[in-house]
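Here is the structure we will look at.
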Amino acid sequence: SNLNINDVLGNYSLTLVDALDTLAIMGNSSEFQKAVKLVINTVSFDKDSTVQVFEATIRVLGSLLSAHRIITDSKQPFGDMTIKDYDNELLHMAHDLAVRLLPAFENTKTGIPYPRVNLKTGVPPDSNNETCTAGAGSLLVEFGMLSRLLGDSTFEWVARRAVKALWSLRSSGTGLLGNVVNIQTGHWVGKQSGLGAGLDSFYEYLLKSYILFGEKEDLDMFNAAYHSIQSYLRRGREACNEGEGDPPLYVNVDMFSGRLMNTWMDSLQAFFPGLQVLIGDVEDAICLHAFYYAIWKRYGALPERYNWQLQAPDVFFYPLRPELVESTYLLYQATKNPFYLHVGMDILQSLEKYTKVKCGYATLHHVIDKSKEDRMESFFLSETCKYLYLLFDEENPVHKSGTRYMFTTEGHVVSVDRHLREAPWKEFFPDERGHAAGSSLRRPAAPDLKVINSSSNCNRVPDERRYSLPLKSVYMRQIDQMVGLI
Ligand code: DMJ
């Protein structure tokens, strides 16, 4: 009866595992080393637990791989995070977990995985054939990393096949995908297309897979998806900081007709400005971020769903989600406008005021009466705290180092390096169609990261605007009015 409770826990010390690289980013080597040893010595996946494939992948597999790479990094930018006698244990654990997740990709007619597996026995006999697009189609970063670290194509292949299967089911008219699909028939059960729950990380991972692995096909899919998003989901005036009309908003539409399906936006969608920063669409990011910040100011938190027509929440809980902080951090990196430091302060102060409890931070059950639940999601430590910390830590190695870092959808830091752009199995399967070595999946000769990661994109906000509001005050007021703040 509580929509906020889902079965992600797995009985495998989720919070401890999910928080590992946060300790490294905070430069706390003794706690990092202690936590890694605890994980190695006490966590086992040989459990009769049924887990969500997506959650286990992004929270556990992703964290193990990130920590493994921090430990084995010859440069040790975060301080001494090495572990005495480390024998790739975290990588082996990641492998063990991934193998236990593989049954989800078997006996599915489309290649789109089952949403849940039992870590001991595989897909439960009474399994649901329906899955959400984000859950099934955002496994490629972690599975691809694992494959490339092990030199075993299996994991990347199943994850890539799932992305391609979903992609092939997009509407031929709008290019949009729905939010729930039947993995046997390929029929869309949920025809809602939007940027929030059910689809969010699908888009994110098309771009991030390209950043990490340099496969041009991922960028092509991302660009096509972004084009459809701009054509069918975006409403309001054309430019964020110019002209007349409503502020730009991204709405939920029917994937086939493009018609509006409802008038709510969910708090998950607040990640999107951060993704727009990565592709250099900073101006548009500023507007959507400002809208979410206005909602935050009104409630001191983000309600899970906010109805922009009724100017009121539709769903009231706030489980300490990171998305607004994540976008704030990335917008600050792109613009260096101190406005975003103030946003961060504001968020930090409300977290302290409304969610802090004796042994941690609590989910808000209701953003208006501020009642709490006895629950702190693991992403609070892996994402919300990490992004807040990084926002204020100008000197952090993530910002200073020559290595370029990227964050997984769960906020795990991974360095973007040449090693992950090598897929050794390609030598053995140079032409196999549909396999990771298939012709359409081949890497471009010289991966052109400039498209995404160049400083010129980040400099698009002119210097003279750096110390003024990122959004003209007239537009800020317009948003504040729409959210009922004034
Ligand atoms: C996280 O687990 C990830 O960011 C995921 O992609 C979406 N939701 C939560 C945080 O809100």
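Cβ coordinates are placed from backbone N, Cα and C, and glycine is handled just like the others.
If you check TrEMBL, you get these features:
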- E55: active site, proton donor (ACT_SITE)
- D200: active site (ACT_SITE)
- E304: active site, proton donor (ACT_SITE)
- E323: active site (ACT_SITE)
- T409: Ca(2+) binding site (BINDING)
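Structure with TrEMBL features highlighted.
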residue: E55; record: active site, proton donor; DSSP (3 states): helix
residue: D200; record: active site; DSSP (3 states): helix
residue: E304; record: active site, proton donor; DSSP (3 states): coil
residue: E323; record: active site; DSSP (3 states): helix
residue: T409; record: Ca(2+) binding site; DSSP (3 states): coil
Which of the recorded positions E55, D200, E323, T409 has its Cα nearest to the Cα of E304 (active site, proton donor)?
E323
Between T409 (Ca(2+) binding site) and D200 (active site), what C-alpha distance do you get in Å?
9
Looking only at Cβ atoms, how many others are within 10 Å of the one on D200 (active site)?
25
Determine, to the nearest whole angstrom, how far the Cα atom of E55 (active site, proton donor) is from the Cα atom of D200 (active site).
14
Cβ-Cβ neighbours of E55 (active site, proton donor) (radius 10 Å):
22
Pairwise Cα distance for D200 (active site)/E323 (active site) [Å, integer]:
11
